[in-house]
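Feature annotations, reproduced from TrEMBL:
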DOMAIN    A:62-108  domain 'NADH-Ubiquinone oxidoreductase (complex I) chain 5 N-terminal'
DOMAIN    A:126-397  domain 'NADH:quinone oxidoreductase/Mrp antiporter transmembrane'
DOMAIN    A:609-672  domain 'MrpA C-terminal/MbhD'
DOMAIN    A:683-762  domain 'MrpA C-terminal/MbhE'
DOMAIN    A:810-933  domain 'Na+/H+ antiporter MnhB subunit-related protein'
TRANSMEM  A:119-146  transmembrane segment
TRANSMEM  A:158-181  transmembrane segment
TRANSMEM  A:293-312  transmembrane segment
TRANSMEM  A:318-342  transmembrane segment
TRANSMEM  A:363-386  transmembrane segment
TRANSMEM  A:409-434  transmembrane segment
TRANSMEM  A:566-589  transmembrane segment
TRANSMEM  A:601-619  transmembrane segment
TRANSMEM  A:626-643  transmembrane segment
TRANSMEM  A:745-764  transmembrane segment
TRANSMEM  A:809-831  transmembrane segment
TRANSMEM  A:869-892  transmembrane segment
């Protein structure tokens, strides 16, 4: 069975390719998958009858007690036959319903087959949570199928409405299932039913599960989504919304009835809503002019009927319910398919416009009439057999108290409701058949293209079954007996049969037929009466009101909380910092705190400079001054690191600070020198107070928390581990590339993202273009071409492209001499970093600094000369190298990011101690170099170019 | 564990000034504020690591005399990320200057439009999709 379900999903994935190759004929190939399933299910008949259905179990999530458990009982077998059999027929029907050039045909085919697979999984699985998964899969595919024409507003809305309603029920059901599983201690449905839990918790759980079942099967108050779903193509309506998916709720009730029909509230909920739905659906079906909508309301009515029968829980109702389930699937699918054919061949399905179709196509006429007769409950069809036995079993409940706990009065009420519902059924069946097929006086015959014979295959096969199975009552009773056998035997042994004798059930059938036909004959009066008593309040209106309320609430909440100002959000965050940690730190300040003034007096000196610089930064009104002063705090921090005993940090901080200062200056040349002049407002004092308060609270928190520390640092063992496992003596570097290498990997990814962001903000389209070497650019007019023969070498090639007044020969010479030295230093840092201060970050920054010197000395072409490579390529390579070195240990059976150590003795170089994490560090190095290069290209070269262009434009504008 | 008061006072001052600047409208000031605040917070890591010591290079000194290496590794990451942040915010400031000829942080336009909806007691744009536009049954039943 698992293979069958999986085969559907595989076919669904192949479907688009098939459709692309074969067009609509692909549906015939796809139909083979459910057909094989159908034949396999038929092969299981003997085993199912003997109560020895197939069981398959695969562990899935053992920690949550979820198993892929599948079990074939009689109920599951019947549902699976319906799902696969009708699925195969409807897929074959699709081959004639659609045209090759219908938009979205490929995705439709995939969704349809995937739906069939989910539905099959739903009806054969034996685990509550797996059932839930399949349940929601059917919801999702139903959503996609209803909305298969996304260009139409109506179809989008119908899809969304069906999704919201059924998902709401599904979520309630999930909660119910979890509670039920908790109570019973198992999620296996068969085990759950064998030893059903009881008690108030179970009652709540069952009520929640029922919400799911009722929403899926479109019972009041959820019924409105089903008529809406008729926006879907007709094959979808026939399969999902008549034969299979809407039966999921019915299936669930039938499945749980043996264990839980006695639960408090079960009968009250299902019987009330079931009878109400049956009557409401029939009543509204009588008012429809769209044949599909008429059928949809008829389905709503029949679903109510089915739920009534299955929820009662006697041996007789169980067997009658199964017959009704099968009968309904056969005749309703047929009717939908026939309506689809009529619409396809005549172009309309409005019963006011159709006339003479029956005369044009006798086969359509016969199949529709037979299916309709089965729906109305006429002998000798399956629908009649089923309805007779339902009447009989309900009579047993009312007269003989077949179901203890259900009072005879309730039994009679249900019986009356069901008979009334049957009256309406007869009436709307007549309305449908007459409206669709009859030749009406005073109406031109509808133009009707004769249908291809194969188009009729599916409805004809289903009709044959409707007739044939009507005579196979005994065989059906025997095969389905294992399901009914779960209930205690009732007053009578019920068997499905055409003839039960001249008894009350037959009288009910006759009564329903007569009254129903009477309603049809007097349809004008009925219509007038319905119009007179129609009520304005509908469940759909309630749904709209609810959705609007939720939406309005969301708008109000968002409007209240999302003020749209960054400063306002920051204030909220900072005030929370003040209130929560601030308040708790004040209560914790009781004992004396162990403090020292400083570790070395130099800290105090540096700290004083930093504080003054920070205060002046806050006061500064010039951009450049603010940046420079912030730089002072940065260099001060580097000093603090050095004094603390953190040479790696000090080194990196100095390099980063220098780079950021240059980058700041590169951008600030474009911005106004002063910050925007703003009048001093009282808000400024508020911000000052907030800054003061936050600073103080954080100081206090640090004071209290460091004083409260009792445990040894986790890093106490790092010195030993760094050498033993990481193979390095620089512990900080080993932490970065080995112990906490995941952090580092995340960090370099962030750097790549940031650099990409910078590039896209500056280049807006692509950054690949624009790397040009000096020899392939024209010289500016002011520069005379200098020979580049031997002996005429220049210090740097790039500056020749600059105007003379921007060149500085001393700077060029310094850059020429400094560059190789910096690069060598960077490589030293990179390779030595594992044992001495340095590493990928520092080495990358030094290389970046070297590039920056070249750029500042020689302009943007000099940068391209120094690094004629795209920064994106550099960063991508770096990330790739780091990822490869992280994953490589897996190949050798190690863990991700594990390091290995290799000792090599090379001639000349001597003994070389290699650690594989160096490779990771090289990845980090490349990313950092790429980041700096990208900043220089974007904030440097790119802005240079923009300034030049603006100057040129201004000159052209000034010139006459 | 004894706490270094100099570091605490310096860090608090830097964070306080940073907060003051971050609440500004000018993106350059916000960025400078972030950097100053970040420097202060990096100092907090030093405090959390305990007293000063020798460089954490195994073999150069006894492990008991070393400063704590773990906060240092965390700070190293933070420093380099700060460079990425600087570059990105500067690029944003530049873009904002290109588009609006100032680098002020603007209020969100979408939020303002939601506030207008709230004031007008209206539902959001997505509401129509979830419920369907027309009234019940107008297309389908008698009387239409």
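Placed from the backbone N, Cα and C atoms, the Cβ positions cover glycine too.
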Helix-strand-coil residue split for the domain 'MrpA C-terminal/MbhE' (A:683-762), DSSP-based: 69 helix, 1 strand, 10 coil
Seg_contact(the transmembrane segment (A:745-764), the transmembrane segment (A:869-892)) with at least 3 CB pairs under 8 angstroms, min sep 6: yes
Long-range environment of the transmembrane segment (A:566-589) - Cβ separation under 8 angstroms, sequence gap at least 6: 690, 693-694, 697-698, 700-701, 704, 708
PLDDT averaged over the residues of the domain 'Na+/H+ antiporter MnhB subunit-related protein' (A:810-933): 88
Per-state residue totals over the domain 'MrpA C-terminal/MbhD' (A:609-672) - DSSP helix, strand, coil: 55 helix, 1 strand, 8 coil
